[in-house]
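Taken from TrEMBL as is:
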- A:24-49: transmembrane segment (TRANSMEM)
- A:61-82: transmembrane segment (TRANSMEM)
- A:132-154: transmembrane segment (TRANSMEM)
- A:174-192: transmembrane segment (TRANSMEM)
- A:204-231: transmembrane segment (TRANSMEM)
- A:264-286: transmembrane segment (TRANSMEM)
- A:298-316: transmembrane segment (TRANSMEM)
- A:336-354: transmembrane segment (TRANSMEM)
Amino acid sequence: MGTVQLFPEFVSETLGLSGVLGDVVGSLVAAAVVGNIVLAFTGVAGPWAKRKITAAFTDRIAVNRIGPFGLLIIPAAAVQLLAKELIVPEGVDRPTWDLAPLVLPASALLGFSVIPMGRLGPVNLQIADPEVGLALVFAFASIASISLVMAGYASNNKYSMLGGLRAVAQNLAYEIPLIVTAMSVVIFAGTLQTSGIVAAQGDVLFSVVGFDVPTWYAFVNPFAFVLFLTANMAEIGRNPFDIPEAPTEIVAGYQTEYSSAYFVLFYLGEFVHIFLGGAILAVTFLGGASGPGPESIGFLWFVVKIWGFFLFTQWARSALPRVRIDQLIEIGWKGMLVLSFANLVLTAVIVGVIA
Amino acid sequence: MIGLMKSMATTMKHALDGTTFTVEYPEDAPDVSPRFRGVHKFSQERCIWCRQCENVCPNDTIQIVQDDQRNGEQYNLHIGQCIYCRLCEEVCPVDAILLTQNFEFTADSKDEFVYNKEQLKNVPWYKGIDPLESRNPDRGAWIGEGDGEVDYQ
Amino acid sequence: MSLEVPDTTETDAVPERTPDELEALLGDLVIDRDDHLNAPGFVIRPDAVQETLSTLKSEAGYDHLSLVTAQEYENRYESIYHLKKFDDPTQEVSVVVPADKDEPVSESGEAVFRTADWHEREAYDLIGIEYDDHPDLRRILLPETWQGHPLSLDYDRDRPQIATLPEHANPLEDHHHDSESDTMFLNIGPHHPATHGVLHLKTILDGEQVIDVEPDIGYLHRCEEQMAQSGTYRHQIMPYPDRWDYISAGLLNEWAYARAAEDLADIEVPEYAQVIRTMGAEMCRIAAHMLALATFALDVNGDFTATFMYAINDRERVQDLLEDLTGQRLMFNYFRLGGVVWDLPEPRGEFFSKTRDFLDQLPGSVEEYHDLVTANEIFQMRTIDTGILPPEVAKNYGATGPVARGSGIDYDLRRDDPYGYYDELDWDVVTEDGCDNYSRLLVRMREVEESAKIIEQCVDLLEDWPEDERNIQANVPRTLRPDDDTEIYRAVEAAKGELGIYMRADGTDKPARFKIRSPCFSNLQTLPEMANGEYIPDVIAALGSLDIVLGEVDR
């Protein structure tokens, strides 16, 4: 791989810059564009799409007053949330308390740097394509749990503390199956490079009445897909694994004491995290940006896939109960871990035999 | 797993059937039943100042002031304190106080909910429904028809 | 004695002892007789409470301490222990314990019936009787710093009161602390998403596990008993029962007052009104159980669950029917002594068809809830075998209603102590043997179906009722003045369990003592039994499965 021009290179070439200056400007511009795309997703998702989707599942109408389909609720909600008073409780451990809401969205946004988001016209929306891309993504994503612990510990609140500790326990238990399952994909693809994994899914698995079913790993190994999906839900802390927040049990978990802009950052971070989860899923199992039509609209397919994942998290939220903390740990260590290793070994054997 | 699938299928079915049970209030104002008990309406023309409503009121929401000739001077009703039990309407022999269907009332402070007789007179009918007519013939069922003392003060 | 002739068709043969036999059994414990309208009453010495109660419990089978009423007379204090049998609640006996006016002390019954714990604390709090041997005699509804006892005769209402906000200490800190482990005190509530109102749980955690939980109640105390005591029997009390269990179980509550007052004043209710009452009450039960299901789903699923909205939607439909019938969606004030205030709404056909439509779609909804909730494996994982309440413990705590029936106790006043039109209709009492959170939910869901059966039969009856026999109210005097010193305790099966009213008349048009036996009050008392040793989420689920309404707990 590596023959495809990356987004920063495209920017510096378009601007006619070269050398270090070109690299810096290109990277900054590319990062700003990708970051803003992702933030725009969350902006739409948080105040508007989430409400609309939840409302559809619960037979309600939801936001419909401001603007067409209530879309102007997005700026309204932004102003409202940012205009609120930032309440700093007594006895919080600063600056840990202030850093925690920055770390969460930052970690999730960083993950997007190596995600191949597909082409939009002449532009290939990928900032970097290192050879250890997939490992890097998981590394970035797991910084999030540090943020949750920081928030939980620094808030000087028992509910926050419980939430923070739950977050660690949960992430430890599910990160390993998540990565081990992803490794089975790596065995198939033979590379850790994200663009390589996507490219490896470009063949035709079989054809059904004129339809070409691609070699997306979700079709090649559905078992691993389900495992990965489950572990991913736990990793991003959505139902049935929304233990660290668990409203109705521990109020709002680690974010109980946060308000105003800090709360927005957490909220944002969670949504970026969901989208990052969707992006990882799309890259490893759903063929990245591939889909019918010309390659130049690949980005749109990518958007469809990550929004599909977002929809799925909301769907699960409307229907599934939350598991208990001890059950969660049990499922993680005794179930998921074993299954993911079994999957890895099996994949390795199969790939070894075929190759 | 089958149970999980069933749950997911159920919510998806609801999402796809497109029906909603919430309405766009106030454009789509709900129909309230003819018996619904909302804000009171008072008619000074009908009132004979017998003070039975004041007497029966369980939590002293109605306050009546009379002069020494026992002519009515004030009729005050705290619509925020009222528990909407409709005993005043039931006990009134001349239909001078009625509970309209009107459930929409706002104020900036609790005090503003103390209505005097003018304000009570001006309470609008909800959707033009006059409970006196709409509740017919149900209003025939009256409490206290039996023997015992009638306290007309 | 009992106003109602004991139901002789009762199949389970619980031997009933005559009052004289009971007196002989108690021997010289009895110093006098003070019979109530519902039961024989034995006056005993204040230091013989435990002996009397345990004799009655073990030898005569009175295993249900329904209520402890306390009151102050001009010359004495008095505690009344209202005893019943779980097997046959029509067999009742009252144990009357007078206490000295100057130094009101009597022995606690807590050692015999655990449920006496909270009841006696309430008596101490509101009346001022002190109970010897009580394990934990503190105020329960009012703040600890409250001065005076509000229902005692010489209480000064105008005295300013100070309620302090002390920090809660961890009572177990010392003896659970070692180098390996430590405990943490956690206040759940009074403002918490899952306490269903202003309930405060003093919780002590060891990690995620709860090692002790103590409900702290009284935040919603409005002194409903005192309010009822200052209202007239005839009109002014009836609007208030709606506000005890205020989540649309109003008609069931009104019935509790209506039943007690009608028996006290000897009023016969026309049969037609009884059918309407039965139908309305069961509609309320459906509405109440729907909300119980909805909030339980919130507690277990999290706050974006669709189950909540679906159940609320079904509840709305019942409320529409109730609005047509009574004129209000929550605070009905529909019953009157001797009947109901309104006949069915005209045109009757429309009301019947609306009701039938609701009943027709109900099985589909229930099916959907089973798909969403009870069939869900994660849900089963969460609720089965958590929050265990063994039947003996439930009885000891006086738990009733779906909580008791979820523990396999076959006890339902609609069948066992029939009132209204229930004994003429075909329906079943639902019990489950699981004793866990799941069983309690299942009982409620199945009771909804039974209620639908009852409503359907009532609609059939009402549809064919001859027009000239539609008598909705008995001829009741404008002013009721029951005879001086008559006392009665009557209970009905409300949405949460046995809702009882004790009234003492003093010859005026207002009750001298009005005491409410709240099912939630007794049910909530079982929470520590269910929760200790479980995880936090299970405590929340157990609390949800008790389905308490703080308006009724605190009154």
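Quick reminder: no glycine exception, Cβ is built from N, Cα and C everywhere.
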Does the transmembrane segment (A:132-154) make contact with the transmembrane segment (A:61-82) through 3 or more Cβ pairs under 8 Å, each pair 6 or more apart in sequence? no
Under 8 Å, at least three CB pairs between the transmembrane segment (A:24-49) and the transmembrane segment (A:298-316) (pairs 6 or more apart)? yes
For the transmembrane segment (A:61-82), give me same-chain residues lying six or more residues beyond its boundaries with a C-beta closer than 8 angstroms to one of its C-beta atoms, as numbers and ranges. 43-44, 46-48, 51-52, 54-55, 260-261, 263-264
I need to check the long-range neighbours of the transmembrane segment (A:174-192): which residues 6 or more away from its ends have a CB within less than 8 Å of a CB in the stretch? 1, 131-135, 138, 142, 200-201, 217, 220-221, 224, 227-228, 231-232, 234-235, 241, 280, 284-285, 332, 336-337, 339-341, 343-344, 347-348, 351
